[in-house]
Amino acid sequence: MSLPRPDEFQPPPECPVFEPSWEEFRDPFAFINKIRPIAEKTGICKVRPPPGWQPPFACDVDRLHFVPRIQRLNELEAQTRVKLNFLDQIAKFWDLQGCALKIPHVERKILDLYKLNKHVADEGGFDIVCRDRRWTKIAHQMGFAPGKAVGSHLRGHYERILYPYNLFQSGANLLVSRPRDADIKEQKLQDPVQRSPAPTPDWCPSARRAKRMKYEVRERNTEGKALESGIFLFPSVPRVPVVVQVDLVVCLVCGSGGDEDRLLLCDGCDDSYHTFCLIPPLHNVPKGDWRCPKCLAQECSKPHEAFGFEQAYRDYSLRAFGQMADAFKSDYFNMPVHMVPTELVEKEFWRLVGAIEEDVTVEYGADIASKEFGSGFPIPNGKFKVSPADEKYLKCGWNLNNLAMMNPSVLTHVTADICGMTLPWLYVGMCFSSFCWHIEDHWSYSINYLHWGEPKTWYGAPGFAAEQLEEVMRKLAPELFDSQPDLLHQLVTIMNPNTLMAHGVPIYRTNQCAGEFVITFPRAYHSGFNQGFNFAEAVNFCTVDWMPLGRQCVDHYRMLHRYNVFSHDEMVCNMASKADTLNVVLASAVHKDMVSMIKEEKELRDRVKKMGVIHSKEAKYDHLQDDERQCAKCRTTCYLSAITCSCTPGVLVCLHHINDLCSCPVTNYTLNYRYTLDELHPMMNDVKQRAEVYDEWASRVSMTLEAKLEKKKGLPVFRALLSESESMLFPDNDLLRRLRLVTQDAEKCSSVAQQLLNGKRQTRYRCDSVRSRSQLTVEELRSFVRQLYNLSCSLPQAPLLKELLNRIEDFQQHSEKVLADEVPSVTEIQSLLDVSFDFDVDLPELPLLRERLEQARWLEGVQQANAQPSTLSLETMRRLIDQGVGLAPHASVEKAMARLQEQLTMSEHWEEKASSLLKARPPHSIETLSAAAEKVSSIPAYLPNCLLLKETIRKAQEWLQEAEELQVGTFLLYSMSFSTRVEVESAAAAFLQKDSTLTLLEVLCPRCEVGNVGSPKRKAKKGKQSPKSNKKKTQRLNTLSDVEKALSETKDSISAMATLEELRVREMEAFSNLRAANESKLLPTADCMDLRVCFCQKAPMGAMLQCELCRDAFHSVCVRDPSGSCETQPWLCPQCQPSEKPPLSRAVSLVTSLRRLGVRLPEGDALHYLVERTGDWQQRAQQISHSCNLPELEERPGTPPTLSRFVSVLSIPPFQNGASDVRETVNGSEKKAKRHMEREGSDADCRAKDKKHSHKRQKMNKKKQHRRPASTSSSPRSDFSQSDDSDEEMAVCPAERCQLPEGDEVNWVQCDGSCNQWFHQVCVGVTAETAEKEDYVCAACSLKDDNGEK
C-alpha cells in the first residue's frame, strides 16, 4: 500500500450518524433534543430516516428556472485567494509601469512569489538577506533541494520583480530633488557604480513607446508644473528659483532637461523623470504606458472590491443544468459519473482549491426560493397532486415546510416570512460546486435534506470551536479580514480542513446521500461541496435552548456592523404578549431573556437621559420594514427604542451609537420607544407567573444536582422530582434529561452495588481464563466506588462498598505476602481462597493462589511420601513427578522435582541392578550381593527387587547355616547336588522333544492354559462359576512360575500332590470346554468361509486333520511331520502333544532314583504325580474294558483321522451331515468307553469325586443383553478368536420348551451326560443350588443311557 503524499488531503473523522426508529422519528424536535448532547460536540450530524420514509418529489421541474453562481475553485480558498490578490497587485504594479508580469519557473515549478516575498520579509528584508547570505535558507524553506544554487536564482527573481514593488509599498521610491549643475553630472557618473538599475519584467511586445521628446510636448508652464509637483511630492525640497530660459521638459527629481533619450513622461499626469533618477533605476525606456510613482501610488491605493460570486449569464432549467453537470463530471474524470469514487472527488476538489495555476470554474444553483418555484416536499393546496398513500407527508414534522413553524420552534413567533430561515431554500449542485465556511443567521439550527442526486460532502466544527476557527482563519489570511471584517458571513471563503485541524480546530465530515438529513447546531461552522448533480432543500429552526445564544448573536452582529434577519427583542416581546399559550419551559426561557433585555434597556435609557435627551415619543416599529429601522451605525434592527434627529429624517441609531447620529446637539435628539419600562414589567411578570411552577421545580432540581458531600439527597428525592415533572407535564429539556440520566445512573449504581454486597462466587473454582461478565475487576470496583461518591445522589451502599473495597485490598496485600513465601502453608492459602468467595470481583490473585495451592499440596505430598520410605514406591515417585510436571513453574517445585527425579533415577538403577543380580547365571557370590544390598539400604524408598535381594541373601545365609548343620562336609552336599542334576537331566532327556522350548516342569505338570480357552479372560469368567471353591483355594495357579513356587513352598509330598490334583482338574475342565467349542465351530454354517482354523488361522481347504484331543481342525500341510509319524497312534496336534511319551517303566525308574537322593524337587513331585495319575487311569480303564467286554485298545484302527476336503463357499458347504462326519473317525466303542469311564470313575474313589466337580459345569450370572434370532440356533458355531461374551451370546438353549429368559443374569447348567450341552436352569427345572451340588443329565442322554443298559 502506497503512502499518501504529504500534501494529499486526509479526510477528517466522521460525524455521528443516527438512525431513529419510527417511534423516535414521529417527533423531530424531541429526537433532535435527544441527540443534541452527542451531536453538538461535532457541530453536524446525519440522520437516516426509517426505511420506507420516502416523500414524493413535489417541485415543478418544468417551471423551475434559475441563474447559477459562478465559482472559480482557486479563488475560494482563503490562503489561495491571498496569493492571487498578491499576484494581482504585483501584476498591476508592473502593468502601470508598462511591463507585463510573467511568473518565472524554478526547478520546473512555478515560483510562488507570495511565499518568496513572505519568507524574505520574515528574515528582515532584502538587504539583510543579501548581507547575511540567507538565500540558501530561503530556498530550503520554500522546499527546494539544497546544492543546486537555487538561492541565487531566487535572489535574481526577487530583485527583478518583488524588490521594486516592496520599495513602492514602503514609500522609498518617492524621489528627492537634487541640484541641477555639476551635481547632476557627478550624479550621472556615480549612478552606474552606486546604483544597480533594477531589471524589469519582460516588456509587453504590443505596448507603445512611452518616451517623450521635447517636440512632442505641448507648450505649457512646465516649470510651474514641476514646482507644483515638487511641492506635492517632495515637501522637503526647496523651491527652485525661476530663470529666464528653461527647458520645456525637465526631470522632477534632478530639475534638468538633459539626457532627453532617458527622460520618461508619465501617461497619467505627464510628469517627467530620468530613468536613472528613479528608485530603483530603469535600464531601458518602457515600451508600454508608464506611470510615475505619484500616479502609481494613487492607482494602487484604491480600495479593492469585496469578493463575491458572479452570476452566470445563462438561465438554466433543471434538466439543462443536469445535462451540463453530468457532462462536466464525466469529461473531467473520463468515466461515467456514477463510477467516480467519492474519495477521488474529495481529494481532487481540495487539490484544485489549493492550486493557483489551475483555474477550474463550476456553477452552483444556490438560495433558490421555494416560495417561487415550489418546495421539493408536498404542501397542502399545492400544485403537486399528492396520492392518498403520500398524504401523510403533508403534515409530517420532517417536511421542511412544517419543521420551522412547528410549536417547539421559537421562529413561530417571528411575524414575517423569512426566506431561507422560515421558508426553505433550494440548492441545485454540480461536481465541485461548494458552500463555504459559515454559520447560520442568528446562530440558529439548520436542517438540509437531499431529495435526489449524487452525495453532498459536509465538513463541520462544533459551536464551542467557532471563535477558534475564526482566529485561525484571521491568522492565516489577515489581508482578507482587513478588507472584509465580516468575511465569514459572506459565504465566499473556504479553508482546507487539514489546515484547520493542524491548528487545533476539531473538524468532522460526512457524505450526505439521497434521502438523508444533515443537521447543523447553533454557531457550528460548516462547509462542503457537491459530488455531482443533486437537488437539496434546507431551512432554519430554533429551539428553546437557542434563546441565550440568539441574544448573544445580536450583540456579536452589532460589533461586526452586520444587519439582523429579524429583531430578537420583537420576537421576545411577541412571546411575552402571549404568555398564557407558552409552555412552562419556553415561558421560563422568555422570562430569563426579558430580565436581561429590560435590564440592558433601562441602563441605556438612563444613560441617554443623562446625556441630555429630553424628547421622547412612542414608535410602532413593528409596523415598519426591517430596513427602515436599522441603526445607521451598526445596522441592528431597532425595536424597543431608537434615537432620531429632525435634521436627518428617516435616519436612526440604536442607543449604543447615539454619538454617531449627527452633529446636532443631543438636546435635539428624540428617544423613540415601542414600550415604556412600566409596560415591559407587567409583560415580564405574566411570563414569570407562567414559569414560576417550572422555575421552582427547576431550582430544586438544580440545587439537588449541584449538592456536594453531606448535602446530597437520596435516590427517593430524585424519583420524586421525576414524578413531579411527569405529573406537571414539564417538557423534555436539558434539565429534565439530566435529572433523568442522573437518576438512571444512580439506580443502576445502586443495583450493581447491592449485587456486589450480596453476591458470592457461584462456584468454588471458576475457570481462570474466563471471568463472569457481571464481575468487575478491582480497578473497576475502585473506579465504581469513586463514581458512587461522585454521583449527585447519595446512596447508602457507597460506604458499605467502600468497606468491601478495603477488605479486598487487604486480601490482595495478604495474597502478595503469601505468594512471595518460598514454601507457603496449604492451610493459609486455603483460608485466603475461602475468604475470596465473599468477593464477587475478578481478583487477579485467585489464579495465582490456586496454582500456589496445587504446588503447596504437591510439595506436602512429596514431603509426606519422603517421610514414609516404606511406602514410597517407584510408581508413587513417577506419579508425583507426573503431577509436578503439570504444575506451574516455581523455584520450590523445581527443587523438589529435581530431588525426586534424582531419587527415582537412583531407585530405578538399583531396582534394575537388583533384578539383574537375581537373574544372573551363574549366580553372583553372596558377598557381591551383600555389598549391593548394603548400598541399596541407604535409598529411602520401597524397592521390591532390592527387598527380594535382601530376602534372597537372608534365605541363602539361613540355607548355608542349615546346610552346615545338616552336612558335616561340603563333599556330601556337592555329590547330592551333582546327582540331583544328573537325574533331572535324565528325566528331561526322556520327556522333552528335540529342540523343545519347554521346561521339564512345564511338560510334567498338568497344563495351566489350554488353547484359547485358557486365556485370562476365560479363567476369570469360569472363576465366577464356583465361588465356594474359590474361597477354599489359598493361591491361584495361573502360570508355570506360580506352580513352581507353590510346589517349592509345600512342606511334604501330600501337599504337592494336592496342588497338582487341583491343576489337573482345571486342565480337564479346560480341555472339555475346548473340545466343545471346537466341535461347535466346525458345524456347517452359511458363512463357512469366515471360519479360521489351524495355526495359520486360515479357512479350511484341502486335506484336513482333526486332533483327537482338542477336536480342532488343521491343514495337513501345516502339521504333518515330513519324516513320517506313527500311524498306529491317535493323531494329536502339536499343542496337545508337547513332549515325548517314554514308557511307564522309564518314568517309574526316574521317580525311584529321585527318591533315593533325599532331596525333594518340583520336577520330582510332578513326575511322581504323573506316574500315579497314569497308573490310576490304567487301572480304571482295565476295569471298564472288562466290565463292558471291549476289545483291546491296540486293535482299534490306526489311521489318523482325516477330514474330508473343504470345498468352495459357493458349493455345498462341508460338514453338512453335522458333527457325525467329523466324529466318525473315532470309534464309537471308544467314545462309549470313555463316557462309561467318566461316569464309573465318579463312583469309584475320592479322586473321581474331584473329577466330578470338574465335569459338572454351570454358567452363573451370565449376561444376555440381546437374544439371537431363532435362525442362529441351527448353527451354534463359536469362533474362539472372539471374546467369551460373544460365545455366550451365540449360545442357544436346546430345551424343547425354552422359555427364552432375559435379563442381566441368566443361569445356565451343562449336561454331565454324553452331549455336554448347556441349558437354561429355568427351562429344565434345576435350581442353582441343585446344579452346584448334583450332576445333571439331560433327557436325551438319560434315554440313551437307559437304552444302552437294556
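Numbering starts at 1 and runs along the chain as displayed.
Glycine residues also receive a Cβ, built from the backbone N, Cα and C atoms like all the rest.
Features as listed in TrEMBL:
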COMPBIAS  1016-1035  compositional bias 'Basic residues'
COMPBIAS  1237-1248  compositional bias 'Basic and acidic residues'
COMPBIAS  1249-1269  compositional bias 'Basic residues'
COMPBIAS  1271-1281  compositional bias 'Low complexity'
DOMAIN    15-56  domain 'JmjN'
DOMAIN    80-170  domain 'ARID'
DOMAIN    248-298  domain 'PHD-type'
DOMAIN    392-558  domain 'JmjC'
DOMAIN    1091-1139  domain 'PHD-type'
DOMAIN    1290-1344  domain 'PHD-type'
REGION    1013-1037  region 'Disordered'
REGION    1217-1288  region 'Disordered'
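Outside the domain 'JmjN' (15-56) by six or more residues, the chain places 377-378, 384, 386-387, 390, 393, 396-399, 403, 406, 408-409, 445, 458, 460-463, 465, 506, 508-510, 512, 515-522, 524-526, 543, 545, 732-734, 737 with a CB less than 8 A from a CB of the stretch.
Taking DSSP states H, G and I as helix and E and B as strand, the domain 'JmjN' (15-56) has 16 helix, 6 strand, 20 coil. Residue counts for the domain 'ARID' (80-170) under DSSP (helix as H, G, I; strand as E, B; rest coil) come to 61 helix, 5 strand, 25 coil.
Shown for the domain 'PHD-type' (1290-1344): DSSP residue counts in helix, strand and coil, namely 17 helix, 11 strand, 27 coil. Averaged across the domain 'PHD-type' (1290-1344), pLDDT for the predicted model comes to 78.
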